[in-house]
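Per TrEMBL, the features are as follows:
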- 43-52: compositional bias 'Basic and acidic residues' (COMPBIAS)
- 68-83: compositional bias 'Polar residues' (COMPBIAS)
- 110-130: compositional bias 'Basic and acidic residues' (COMPBIAS)
- H257: active site, nucleophile (ACT_SITE)
- K259, K490: substrate binding site (BINDING)
- H488: active site, proton donor/acceptor (ACT_SITE)
- S513: site 'Interaction with DNA' (SITE)
Amino acid sequence: MDKGLADSQHGKWTISDSEDEDNIIPPTPQKDSNKPKPKLSPKRNEDNHSVKEPSAPSMGSEARKATHVNQTIPVKYESNPSPSVKRKRETEEAGWNLSSSDDETPPPAPKKEPKKSDVNPKKKTEDKRPSSPHGTSYYKEEPADFFETNLLSMNDMYRFYLNKVTGIPKKFNTGALHIKEILSPMFGTLKESVQFNYCFDIPWMVEQYPPEFRDKPVILVHGEKRESKARLIEQAKPYPHIRFCQAKLDIAFGTHHTKMMLLWYEEGFRVIILTSNLIRADWYQKTQGMWMSPLYPRLPEGSPGTAGESPTNFKSDLLEYLEAYRAPELAECIDRIKQHDLSETRVYLIGSTPGRYQGPAMEKWGHLRLRKLLSEHTKPVQNEERWHVLGQFSSIGSMGLDKTKWLAAEFQRTLTTLGKAGKSLASPETQMLLVYPSVENVRTSLEGYPAGGSLPYSIQTAQKQLWLHSYFHGWHADVTGRSNAMPHIKTYMRVSPDFTQLAWFLVTSANLSKAAWGALEKNNTQIMVRSYELGVLYLPSAFNMSTFPVEKNVFPASSSSKCFPVPFDLPPQHYSSKEQPWIWNIPYTQAPDTHGNVWVPS
C-alpha cells in the first residue's frame with residue numbers, strides 16, 4: 001500500500017467531529033427506507049446490525065444495527081477509477097455527520113439529499129433484503145459431515161471452543177462448534193432457553209433449533225427501543241413461543257452487548273457465554289469463541305439457594321448479574337438457577353452492567369472487577385514487567401487525546417495486576433500489544449471487504465487517536481486455520497516474554513472501549529459503565545496450575561490437553577510500515593477483495 005493511499009485512509013480525511021463526544025446531540029432519527037444505500041455492503045456496527053437509526057456519539061447507541069439487512073450489490077473493482085469519482089467520494093465523506101464510535105456505532109445517513117442514482121426507489125422490506133453483501137446466494141448449506149456427531153473431540157478441561165468456519169480445511173473445525181450443534185440433543189433434551197444478545201435474526205435463529213425443540217419457549221433479552229424494538233417484535237409474530245425481555249439502558253449510548261444462552265434441559269441446565277450475534281453472518285466465516293459450561297444437575301429437593309456454589313463463586317456472580325437487569329421476566333430463571341448445582345465451574349464471571357458505581361460496588365463490574373480477581377487469585381511472577389499484556393477485539397472506542405487518559409492509565413493498571421503485591425501504578429515497562437485487523441487482513445479475508453462491516457472503527461475516532469495505532473498488530477491465526485476468518489471474538493491475556501505461558505486468559509463480549517469496560521470519574525471515587533457485557537476469566541489457580549502453557553496444535557482438538565488453545569498466532573506481528581488499521585467508513589478502491597469487489601461506503 002503506497003504512502004498516498006495510507007494517508008487517504010487516515011488523518012487526511014477531514015470529517016468534522018465534536019471534541020467532546022459526550023455532549024453531542026444525536027441527530028433526528030430517520031427510517032432506513034429513506035437512507036441512501038451503501039454501494040457495497042451495509043453500514044454495519046461492531047455486531048453486524050442494520051443501521052436502524054442515526055448513530056449517537058461515542059459509547060455506542062441503540063442506533064446501530066446493520067447486518068444481513070440493508071445490503072446491496074457489491075461494486076466491482078476497476079483498475080483505473082476516474083479521479084472525478086474519487087473527488088466526489090471525498091466530498092460525500094466530508095458531508096457525513098458521524099459519531100466517534102466507542103464500540104460499534106454505525107454511521108447515520110448522509111445529511112444531504114441522496115441522488116436518484118444512489119437510491120433504489122422501491123421501498124425494501126427487511127425480509128426481501130439479501131442476507132449477505134454478496135447477495136442471497138452467498139451462504140452455502142453446510143454438508144452433513146460439517147457437524148459433529150459426538151463429543152469425543154471436545155476439550156472438556158477448559159471448555160473454550162471456537163465457532164466452526166465455512167471454507168477452511170475440516171481439521172480446523174474438528175472440536176469447534178456451530179450453533180446447530182450447541183442446540184442439538186447431543187448436549188441435552190431442551191425444554192426452554194433464554195437468549196441474551198445484541199443482534200437477532202429471529203427466523204434464522206428459530207431454524208437453528210432442531211425440529212423437536214423448535215417450539216420450546218424462548219426468551220430474548222435485548223436492548224432495543226422504539227422503532228427497532230417494534231421491528232424485533234414484528235419479526236417474532238410467526239413464533240408464539242418467543243417472549244421478550246428489554247434490558248434497561250438508562251445511560252446514554254449504552255448497548256445490550258452481552259451474548260449468553262441459558263439452556264434448560266430435562267437433565268439439568270447449561271450456560272454458554274459467547275461472542276456471536278444470533279445472525280447467520282456471525283456463524284459463517286468469522287472467528288468467534290465461547291465458553292460452554294458443564295451440564296449442571298438439579299440440587300436435591302429442599303437445598304438452600306446458596307448450595308451448589310463453585311470455588312470461583314460463579315453461581316452467586318451469575319445471579320447477581322441477572323438481578324442487575326431488574327426484570328420480572330427473568331425472575332423464574334433466577335429461581336431455577338438457584339435449584340441447580342454449579343459447583344463444577346472453573347471460570348470466573350466478569351460482567352458489565354450500566355450504572356455509576358461507588359464504594360465496594362465499584363469492583364462488581366467492568367475492568368475493576370477484573371482487577372479485583374487478578375489481585376485476589378493470581379500471584380506475582382518473576383520478571384513480571386516483561387510479561388506482555390495482550391488485547392484482541394473487533395471494535396475500538398474513543399480513548400482520549402493520548403494514552404494517559406485511559407488506556408495506559410486505569411485500563412493498563414488493571415491488565416498488569418498480578419496478586420496483591422502489584423505496583424500501585426501501571427508498570428510502564430510492561431508492553432501492551434493490541435491485535436486488530438489491518439486493511440489488508442480484511443481485503444484478503446474469506447468474506448472480503450464486507451467483513452469490515454463488523455469492524456466498526458470510524459475515521460472520526462481514528463483521526464483523534466493516531467497515537468493508538470503504534471500498538472497495533474495484525475490478525476494472523478494459522479494455528480487455528482483462521483487467518484482469513486476475521487475476528488469478532490474478543491480476548492485479553494497476560495503472556496510470558498517468550499509467548500509460551502499465560503498468567504490468565506479472558507474471552508468476552510467487551511471490545512476496547514470505555515463504554516464496555518467502564519471509566520473512572522470523580523477523582524477515581526466512581527466508575528461509570530454504559531453497556532451490558534459478559535465474559536469468563538480463566539485463572540491457573542482454579543485449575544491447580546501456576547500458568548497455562550500455550551497450545552501449539554489447537555486443531556484437531558484434543559480432549560485431554562492441558563495447554564490453552566489461544567485462537568491466534570503468538571507472538572503477534574506488528575503492522576508493517578505500509579499497513580493501516582481497518583477503518584470502516586472510508587473507501588478502499590485501490591485493490592479488489594477476494595470476491596473482486598471494492599469498498600465504497602455512501
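Glycine is no exception: its Cβ is also placed from the backbone N, Cα and C atoms.
Counting Cβ atoms from all protein chains shown, H257 (active site, nucleophile) has 31 others lying within 10 Å of its own Cβ. K490 (substrate binding site) sits 12 Å from H257 (active site, nucleophile), taking the C-alpha atoms as the reference points. When the recorded positions H257, K259, H488 are ranked by how far their Cα is from the Cα of S513 (site 'Interaction with DNA'), H257 comes first. The residue listed as 'active site, proton donor/acceptor' sits 13 Å from the residue listed as 'active site, nucleophile', taking the C-alpha atoms as the reference points. Residue environment of H488 (active site, proton donor/acceptor) contains 26 other Cβ atoms, counted within 10 Å of its Cβ in all protein chains.
For the recorded positions given as K259, K490, S513, the lowest number of other CB atoms within 10 Å of the residue's CB is seen at K490.
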